Every structure is written in C-alpha cells, then in structure tokens.
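Step one of this worksheet: look at the structure below.
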Amino acid sequence: MLEQIRGPADLQHLSQHELRELAAEIREFLIHKVAATGGHLGPNLGVVELTLALHRVFDSPHDPIIFDTGHQAYVHKMLTGRSHDFESLRKKGGLSGYPSRAESEHDWVESSHASASLSYADGLAKAFELSGHRNRHVVAVVGDGALTGGMCWEALNNIAASGRPVIIVVNDNGRSYAPTIGGVADHLASLRLQPAYEQALEKGRDALRALPLVGKIAYRVMHSVKAGIKDSLSPQLMFTDLGLKYVGPVDGHDERAVEAALRHARGFGRPVIVHVVTRKGMGFAPAEDDEAEQMHSCGVIDPVTGQATKVAGPGWTATFSDALIGYARKRRDIVAITAAMPGPTGLTPFGQQFPDRLFDVGIAEQHAMTSAAGLAMGGMHPVVAIYSTFLNRAFDQIMMDVALHQLPVTLVLDRAGITGSDGASHNGMWDMSMLGIVPGMRVAAPRDATRLREELGEALDVDDGPTALRFPKGDVGEDIPAIERRGSGISGVDVLAGPAAGCNHDVLLIGVGAFAPMALAVARRLQDQGIGVTVIDPRWVLPVSESVLELAAQHKLVVTCEDNGVNGGVGSAVSAALRRAEIDVPCRDVGLPQQFYEHASRGELLSDLALTDQDVARRITGWVAALGSGVAEAEIREHLD
C-alpha cells in the first residue's frame, strides 16, 4: 500500500482499516530501512498515526506542517512521495535525515536545533495574515522535550495573544533523548475543547461586562472563581491560562482519535494545543525495551534484534566520561550539567555514580550556562557537556554571565568539527571562532585519549576563568606520543615530529586536535621531498602560547590545520599573534571554508574539501615554492602524485 502513496492526497480515500494496515507497513518499512542506514528510529516509530492524521486533516504544503527539531519527519517524507529514496537516507547525495527545503515543497524548515518550531509558526501565521491568506493554518509539531526550551514559551506568549490559527501539536512521549525532566513535563494534562461551552462562557462574559457599575468587578470575580476551580481540579492547565485552547490527551496511536482532535482544533480558528500521547519506539520491541533512549538514534543494526552490526572502538565521549568520573571521585566540587542529553554527552555514568551532582536542565542551553555560573559562584567547578553545534545557543551567557565574572566553568564540546551524516546544522565548526573572542577563555583540542584526560585535568585546575575542551564524533584512535614538550603546564606545546636530518626548518605545521594525525601524514609526504617540517600540537590552542610563537620564529612558513571554520579559528589567532609579536613569518590556514555542508560521511566531506593529507601536502608545496625555499615545486608534485 505504501508504494501507492505519492502524496497526501492519496490518503484521503483510505478507510480506517486501510489506515491501520498502512501504519503497520510504515513501521515495518522504517525498521528495515533505518536498520540499514542508521538514523532516528525510535522517534519516527512513535509518530506514525500522528503523521497520517496530520496529512489527512491539513492541506500540506498550503498548510505548513513544521516538525520541531525535525528528526521525527521520516514518516512525513514517506507520505510526501519520498519512500523510494530511503536507501540513501543520510548518505551523500541522498535523503536528508531532517526536513530539507531542497527535497520537497512540503518541508518548510530544516534546522535541527530544538524548540524553534513555534517561533517559525508564529512568523508564518503573521505573514499569511498580512498577505491576506487567512484560510491557511500553520501546524507546529513539538515534543514535550522541546517544550523544556525557553524559546517555546517566548513564542507561546506571542501566539496566545495573536488569535491567529496556529495549531500546536504536543507529541508527548515523556522523552527528549532521555526521559523529559522539569516542571513542564509534570504539567502536561488534559482540557477538552467544547465549543458550546466556550461560546456560552463568552456570552456570559459579555453580559457581565455590560452590567452598569458592577460589570467589570463581577467579570473579574467570575474569572477568578473559574481559574480557582480549574487549578484545584487540574493544576496542569497552564496553557488555558495563557489563552490557548487545549485538546487532549489523545491516544497518539489511535489514528481516528488523533484525526478527530485535529479536525476539532482546525475548526476553532484560533491558537490551539493538541496534546497527543505517543510511545517512542512503538512497534519495535528492542526500541520499546531500551529504557535509556528507546533507540532515539542508532547506527546500522540488525532489524530483528536491534543489535549494532559493528562494534565501535573506544570513543571520545566514553573517554571523557571515564576521566570526569575519575576526577570527581577526588574532588567533591566537580559537578556536571547537561541540556537534556546525558547519554549522548557521556554523563549518564557520572549521574549513576554521583546522582546529586548531575543536573539535567532540559533543552535549555542558555539556562545551563548561567546556572553553571551560579554553581561556580557558590564554590563548585561545573562541567557543561554539550554538542559543539548547540554551544551557539548560549554565546551571550558564556560571554556575559561566565567570562565577565571570571568564573571557573569548563565546557566540554562533543561532536566538534565535521560530524557528517546529520548535515549542516550538526557540524560543530563554529566553536573556536566564537570562543576565541571571549576574554579570558582558554580552549584545548586534545589529539588523543591520553591528552583528553590530561587537558581535562588541567581545565579543572583553572580557577580564574572559563575553559573549553573540544573533540570530534567517533572513535578516538591510537595515542600519538610527543618527542618533546616546549613550555610547562597549560602553556606546554607538544612537538610531534621534527625536520629530517639535513633538512631546513622550512614549515611549522600546527595540527589542531583531531587533525594532528593528518598533520603528521602531511609532514611525511613533505619530508620525503626534502622539505623540513616541524609538527606541533599546541594542546591549549587559544590563546596562542609563547611557545608557538618561539617555534614560528624559527621557520620560514607557519601552516595551521584545524577542524573548524577558517574565519576566526586557530589560524586567524596565530596570524594575529605573530603580527602583535612582530614576527615576520607568513602564516597559512587549512580548515573548513565558512559555509553550510550537506550530509555525507566525515571522510567524504573532508575529501570534497581537499582536506586529505595528499591535498594539504600539495597546497603546502605550492606555498613553499612561492617562498623560494629552493625546492622545485614541479619535482615535488611529481613525487606526491
């Protein structure tokens, strides 16, 4: 039946029996396709009936359907004619794992950062009203996890006051990545919409207000009594007190019930909350039984058992997790903060060891930073573990609430650099550019597991300002020993390789963090051709240490290699430091061009960007030849090829 669905119009003639069959077929399809590619399986299994009902009730794309975060839009893609593309899900040139405006007119928003859908919906509703399109509804599908983000409540404040036809579907599965926490989660409950009651109530209000002298007083008394009765019977009715009508809770796996609720809400013509209760991972036992995450996101798995088909090596995240626990055993002042992601950021084991020292603040990165500032003011040393891409959301708090007060807060930035298959909004390529302008900020980029443990310990010893550690997604790889350390403590720089015997000090190659192995491979290629190369790992990359400047002065060319945007990154900082020190050595930066990248594997993207050791070696030979080092560029290129 799924093969016959080319668009939402094909759903309109289906009977309830056929819809149930289609829902079962969609789940089977999802399990087998996502098992082969990896992706967000659990969230999509939970919204099958909800998505069917949305596309039967609303006229997409005339009525925009906006999925908050977007990871739960696989079924939406299937119902809008993209089922045949699922073999390519999250692969280069294939189907995106999130809504994509380039893929379909049904996809309005493609950013995968949470809690933004209601603001988009508010803006679209305003635009439709201003342009005279008053017959268009805007639908925002937002999870209870995303509702822990403050941006949702800023938008709700505006939506409630506007009276525009915005339907907010709360997909309540009790989870974001992990179980949803906080007061918002506790307050989700039911208020069924009854138009006759609402109309009668409004007439009563009008009549009371019209009474001479006592009308306004009587109205206020009636409103207070009504609010008091509501709150005494159901203290969760905060939505109605905001001026939003509330439908629910509705069984999110009963398509008929969800459809009826949505039709009711659509007919009201004003802002409405539709509360739909779903189960993440519905219909796939391994996901339902996964208490920690209900297969929120998975790699390639067996479609029957749900077990991963490839055993991953030691990862950066697990290395950080173990190291933090080790330090926390020795120091009671170390606490940890996560923004709704204890599992993905490695803090779940920390919470198991120290349950009173882990704070999950929900999807609230801004609050996380300022709460960390308060903890630091109170004598704690907070460690805020966060994906690099989500750091963008808390820049003002880092600058004005943490750094301005010179507070010892450590940021641990997971998934830094190119992350690959999740696409543009997940690449962590902005963090060093942002943090580099924060006064007093120190940034480390460990090259291996040993350095991660070492630099985390150094960060925890800093008591006069903020620190940050960044590392990429995936396996950590083998340790890379240093042949020498220049300087001591947090200013120490590791020399990883020096010029071969008989070679000049031509190039100082600075390998930043996870790019250190590539820098060594580049050096081997260059040294084979007689170019003298010194490879260093600055460890603490920002601010630029004196040891880096001293080494730079001994070479003819400085080249930085970093997994960050080239604008404002380590290369920019080194160039500026050389100018300030009046060291007249040219500096070239190798990094990520400042643009958004489509989904592909990390290796594919780096290859496309000419960020392989062969490509970088070729670029450096050109720079060396242009400086007149005496090395023949043509000869070098021939050997490199």
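Backbone N, Cα and C define each Cβ position, glycine as well.
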H71, S112, H113, A114, G145, A146, F284, E365 bind thiamine diphosphate per TrEMBL; candidate in N157, N158, N173, N504 listed for that same site: N173
Three-state secondary structure, which DSSP defines for E365 (thiamine diphosphate binding site): helix
Residues H71, S112, H113, A114, G145, A146, N173, F284, E365 binding thiamine diphosphate per the record - widest CA separation, whole Å: 32
Inter-residue Cα distance where the pair is D144 (Mg(2+) binding site) and N173 (thiamine diphosphate binding site), in Å: 7
Cα-to-Cα gap, D144 (Mg(2+) binding site) vs H71 (thiamine diphosphate binding site), nearest whole Å: 14
Surrounding CB atoms that lie within 10 Å of the CB of G145 (thiamine diphosphate binding site), all protein chains: 30
